[in-house]
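The domain 'Fe2OG dioxygenase' annotation in TrEMBL covers 213-347. The Fe cation binding site annotation in TrEMBL covers H231, D233, H287. According to TrEMBL, the feature region 'Disordered' maps to 359-389.
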Amino acid sequence: MGKMAAALGSVATLAAEPGEDAFRKLFRFYRQSRPGTADLGGVIDFSVSHAARGTGPGAPKVVRSQLNLSSVSDHDALRAGLQPVSKWQAYGLQGYPGFIFISNPFLPGYQWHWVKQCLKLYSRKPNVCNLDKHMTKEETQDLWEQSKEFLRCKEVNKRRPRSLLEKLRWVTLGYHYNWDSKRYSAGHYTPFPSDLAFLSEQVAAACGFQGFRAEAGILNYYRLDSTLGIHVDKSELDHSRPLLSFSFGQSAIFLLGGLKRDEAPTPMFMHSGDIMVMSGFSRLLNHAVPRVLPSAEGDSLPGCLGTPLPADLPRDSVVEPCSLEDWQVCASYLKTARVNMTVRQVLAVGQDFPLEPTEENKRDITAEGSCHLDDDSSHVKRARFSPDC
């Protein structure tokens with residue numbers, strides 16, 4: 001309770017800037033927060049016991065979320081690298097109906113696959129990324145191959161130039177989001193990864209959304225000085241289906257607000273392996289990531305990433321083996337980074353996209369958009385990610 005009171009006191013003493021709303025004030029507070037101090041005393045931590053979660057006067061009550069245990073077989077969960085649904089620790093927040101927080105339901109070692117996919121496979125062409133605006137398709141064809149030796153030597157030469165993977169800020173999958181028009185369209189599509197679709201379908205079904213179709217994905221690649229601006233994900237044409245979010249690597253602070261930005265948000269930690277589901281009332285709430293937190297032990301990985309992926313995988317698993325050589329590259333990257341996958345269903349069953357102007361259809365998807373993660377290390381990457389504000 002003392003840490004919570006101290007944190008609330010620190011927020012209260014932060015002077016508001018002209019025209020600043022309640023969400024922006026909290027965003028700025030946590031952006032400037034100091035790890036290991038009372039600044040983070042008010043942040044909910046779903047990974048610890050209820051007594052230590054950081055809730056207190058004025059904070060929403062943490063409640064257990066009921067999952068659909070019969071919707072996902074133990075075998076299908078294993079195929080995606082997940083524990084049986086009966087063992088998942090799922091929570092909600094009073095006042096936020098439709099919000100579900102699942103505290104790392106992955107089996108030991110299986111996060112390796114999803115991290116490797118984000119860095120090695122999903123970053124490849126024909127998927128779209130922020131680097132496409134300033135580089136040719138040939139230059140961004142395979143970021144992993146161009147970066148792996150740089151990352152393997154990272155510990156030896158910390159003053160080397162950043163690799164292309166370290167300059168990556170976002171990748172889009174499936175229906176590619178148009179950052180200019182804030183829309184999806186039928187003509188801007190590449191096949192959605194089947195393994196990520198299967199994982200998403202299992203999580204959605206466990207949360208009561210059988211028949212969920214993974215049609216679009218946005219992967220965000222955070223450095224320690226990156227932030228995610230305040231926004232609402234409303235460009236999908238079917239808001240009755242949930243937004244799924246998967247986190248890997250260093251921890252971050254997530255702010256969940258209200259329908260309007262004058263409502264103060266609720267802060268919570270997102271740790272490696274955590275999954276968030278935003279549905280129903282919570283599907284269209286303002287949210288943001290003001291801070292990625294460096295490891296308390298310096299350049300190190302979260303403990304849950306220390307276990308290797310088992311060599312003996314189920315025959316029909318969507319998870320593929322990860323060599324130690326590949327994991328060495330992934331581990332070097334994640335020591336100072338975080339990766340987040342968000343998956344959405346864009347269209348309702350039987351729904352089509354509205355007709356678009358001719359010029360819109362002619363636009364090359366690889367020339368669209370701009371980096372949407374705030375990144376203090378480069379002026380080129382300063383554009384804020386607020387796609388639907």
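Here the Cβ of each residue, glycine as well, is placed from N, Cα and C on the backbone.
All TrEMBL annotations are machine predictions without curation.
The structure, with features from TrEMBL marked on it.
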residue : record                 : Cβ neighbours (10 Å)
H231    : Fe cation binding site : 16
D233    : Fe cation binding site : 19
H287    : Fe cation binding site : 22
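Looking at the domain 'Fe2OG dioxygenase' (213-347) alone, the prediction's average pLDDT is 95. Break the domain 'Fe2OG dioxygenase' (213-347) down by DSSP state and the numbers are 19 helix, 49 strand, 67 coil.
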